[in-house]
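Visitor: The structure's right below; bear with me while I get my questions together.
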Amino acid sequence: MPGGTAFVKVTVSRVLALVALVVLIGMMPWLSGRGAEYTILRARYSDREPTPEALAAVRAELGLEQGPLPLFLSWIRGVFAGDLGTSWISNTPVAPGIVSALSVSVTLMAFALAAAAIIALLLCTPAVMDGLRQRRRPASGALSAALTSLPEFLLAAMLLVAGAIWLRWFPPFGWKGPEYAVLPALSLGIPAGGLIGLLASDAIRAGFAEQWVATWRMSGAGPVRLTAAVLRRALPAVLPQIGLVLIGLTGGAVAVEKVYAIPGLGRALLGAASAQDIPTLQAGMLALMGLALLVGTLTTAARYLLIGPAVRFGTLPLAEPPRPGNRRQLALPAAAGVTLLLIVGAGLLREPFTSDHARLAAPGWSLPFGADASGRDLLARVGHGAVGTLGTALVVVLACLVVGIAVGLFPLAATGPLEVANAAPPILAGLVVAALSGPSAHGAAVAVAAVSWAPLAAHTAALAQEARAQPYVQILPVLGVGRARIMFRYVLPAVAWPLLRHAMLRLPGVALALAALGFLGLGPQQPTPEWGLILAEGIGYVERAPWAVLAPASALVLASVVAVGLAGAGHGARVTAVNSAGAVPLPGTDPVPAQERVQAPAGAR
Amino acid sequence: MSDGGAFSNSDGGGSVSNSGGSNSGGSVTGALAADRVSFAYPAPRFRGGVHGTRHDGTLHNGTLHNVSLHLAPSSSTALVGSSGSGKSTLVRILLALAKPSAGTVALGAREVRPGLARSLRWYRQAVQYIPQNPAGSLDPRMTVSQLLGEPLRQLRVAGNHRALVGEALERVEVPAGLMERRPGELSGGQNQRVAIARALAVQPAYLLADEPVSGLDLPLRDTVLSLLSSLVREEGLGLLLVTHDLGTAARMCGTTSVMAHGRIVEHGPTHRVLDSPGSPEAAALVQASAALHFPPAVPAGAAP
């Protein structure tokens, strides 16, 4: 448990991180810089020339002259007075639109939660049955891993094709009745429910494996009582992760609302970001932040209710999940990886930019994946897209490694930023960056990097703590070795290799996040072959030419399978690369290495 | 308080010559003394904590109350006591790793307190340490010569470092051929001796050894203890041997201090402390030790 100073440090760090986030949101108009003026001039006064005078007039009108601090202060005063500002594009108050969009999104999330709850329940049932029948077997996790593997934007696209176009069971677009919510709710709920089920069933198996269960059983506790007790023991450990999954839904909702044309907050934000309507984006971000805080508070409160005051002292040992050490689980990811490499290799030899083929030409011998709407070779585009996406992902991962190590060496002070980065979905970061600097490959990379360093920092903190506790490091001061040398000559080399491995395992997950941004139009622009972008282009033609969706989707599915497989192979990092929620343990002040207890950021509460 | 007569050259200036590659004993500046030292771990923030236990598993209920301890060159002192009595805390304070809440530590006339590595070089060279489980204190990624060279470099010890390393290894009877091996390639006993050689390489005037032989088999234990006593006898080393094995204390040390509940409850010539302990804690230690070594031979309830 944090002693005095540690507790203060963590709390201060958290408060500062939240304040920094609010300040960042408040200063967005200033941060958006000159680009914003042109956008607004075009949007509002399309008849005017972009002369310096016209631009200056726009600046004055928006109050950009005031400088960052007054701008922020007038914004925050407005927020407290209930005035969220005026849209730069439509010149109408932002608040009513945001409120109605928020209510749509919250309804959608409620549906998604119901779907997730059913899926999680189904996944946990075998764990409970095994526990009651006293069968001990390692969690197979294959089903939940499969459910978790697809990012929401891809799942949404695939369900749209299957459920609305082929089967015609559900309406494809709009938001007019409950039947419109089924497919979107499934797109959001399947990955979330899969992840929650995975975490919870592991924790339940660990709970049933504990000694006290046998004692209870012998003293005649019935199955219902026993199950209730095990759930009470197991769930608190996974509640923080479940909270992160729920917060992650807000990111997934952006993609899902775009695919199904749902007038929710996500779509409103996406529209605001691409039109550089900063006030709308500010209001939406503020709403999402409030939502995230609410979820965080609720999960923390639930933990208190379940555990009682013991949670505060950190004295309650948390159930350790049995580690599945099944090598066969690597067969599928390996096969997927090889297939992906073959596709990419074949695609790289072909020409991705020229329109040599008939529009939407069907797949054939000379054109294995068919052609897209511009008559370009889809195999070539998928192959070249892999290089672009994975190359960017590699840069992002290395940047995250550097930041993660730097931050992880000072874990207490970094708790707040780390939690924020960990909870923030990459898509939301992408929205902010795209709104500020326009959509671009660089912007997408920056956005993904900005939220992806947290797991590496947490791992660094855990490893560094472990390394510092080694007797051969503890003795160094006696040998006259100074602090800096201890850090760079002893601690860093000890943590570098495992961290590099961890970073590489996150590569496919980061690539998927980049693809999600590309899909939403927040990443590289036409005609760059980028997986998400190719998928977004194809989705408009899905009825006439399903292969336009199938080609990029299959590449993404293969990458997802590899991502989940690698994450599972990583040391307990299984949960991390999977979902946009990026559920990872945070470095608490308790010394149990964070990676060893995926379930339990107890000391950090 | 100070019995300055015990050593040859207790100079008032308290300047420790950093220059000397000279043998220990020659450059000794005076007694190593903890004077009325107290120590308490910061109070736990939450109501639950009663003892000074820390969450990281290393149990520190070692608080100190007004403890004084004097070490002189060419002499060895045993520090005995049950676990939790404060021995390790006292050693940490003597090593300037922990700051006493009251009292001082001084070498000669120069006071020592925890600080930057740079400002403590003079002290680190004069006072070295053999930790519990010395072999574990070797970085597995470094070779023997790197391990021994590190303190020589970091403490800016004068002289030919390679020669000093060779000399130190020779003293602990580790063949020079093992210089480029890593700890993983050596036996447990060899590693232990390497760790001792690392402490000796900087030619300290004082050596604090915390249960240095607890993990060793008996023949090796003998070798290491003989080495330490010859260093005291022949080279003027001042030795503090922390142990809970009274047999070792009796064999090695002229004086013994007994610690209990963070206080020195008894101090005197080892044979007197062992034969007629004057405090109940010391008596309990003697009795427990005797029972441990000769369970059937000692009649139950044999009172001192």
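Heads up, the Cβ atoms here are built off N, Cα and C, so glycines get one too.
All TrEMBL annotations are machine predictions without curation.
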Visitor: What range among A:438-459, A:482-503, A:504-525 does TrEMBL record as transmembrane segment?
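Guide: Feature transmembrane segment in TrEMBL: residues A:504-525.
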Visitor: Counting only residues 6 or more past its boundaries, what in the same chain has a CB within less than 8 Å of a CB in the transmembrane segment (A:98-124)?
Guide: 84, 143-144, 147, 175, 181-182, 184-186, 188-190, 192-194, 196-198, 200-201, 204, 245-246, 249-250, 253, 256-257, 262-268, 280, 283-284, 287, 291
Visitor: Between A:145-169, A:242-263, A:283-306, A:545-567, who has the most Cβ pairs under 8 Å to the transmembrane segment (A:181-200)?
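Guide: So the stretch in question is A:145-169.
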Visitor: Counting Cβ pairs closer than 8 Å, which of A:145-169, A:242-263, A:330-349, A:545-567 has the most of them with the transmembrane segment (A:283-306)?
Guide: A:242-263
Visitor: Three or more CB pairs closer than 8 Å, sequence separation of 6 or more: does that hold for the transmembrane segment (A:12-31) against the transmembrane segment (A:504-525)?
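Guide: Answer no: the transmembrane segment (A:12-31) and the transmembrane segment (A:504-525) share fewer than 3 Cβ pairs below 8 Å.
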Visitor: Which sequence positions outside the transmembrane segment (A:242-263), separated from its termini by at least 6 residues, show Cβ-Cβ distances below 8 Å to it?
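Guide: Counting only partners 6 or more residues beyond its ends, the transmembrane segment (A:242-263) has Cβ contacts under 8 Å with 100-101, 104-105, 108-109, 112-113, 116, 151-153, 156-157, 160, 172-175, 180, 183-184, 187-188, 191-192, 195-196, 199-200, 269-270, 288, 291-292, 295-296, 298-300, 422-423, 425-428, 431, 516, 519-520, 539, 579-583.
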Visitor: Same-chain Cβ contacts of the transmembrane segment (A:504-525) under 8 Å, 6 or more residues past its ends?
Guide: 151-153, 254-255, 258, 270, 273-274, 388-390, 392-394, 396-397, 400, 426-427, 430-431, 433-434, 439-441, 443-445, 447-448, 452, 455-456, 531-533, 535-536, 556, 559-560, 562-563, 566-567, 569-570, 573, 576-578, 580
Visitor: Quick test of the contact rule: Cβ under 8 Å, at least six residues beyond the ends. What residues does that give for the transmembrane segment (A:545-567)?
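Guide: For the transmembrane segment (A:545-567), the nonlocal Cβ contacts are 145, 148-151, 154, 157-158, 161, 329-330, 332-334, 336-337, 339-340, 343, 360, 362-363, 369-370, 372-373, 378-379, 381-382, 385-386, 505-509, 511-512, 515, 531-532, 534-535, 537-539, 573-578.
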Visitor: Any residues 6+ beyond the ends of the transmembrane segment (A:145-169) with a Cβ under 8 Å from its own?
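Guide: The answer is 119, 123, 182-184, 186-188, 190-191, 193-195, 197-198, 251-253, 255-256, 258-260, 329, 512-513, 515-516, 519-520, 532, 535, 539, 542-543, 546, 549, 553, 556-557, 560-561, 563-564, 568, 578-580.
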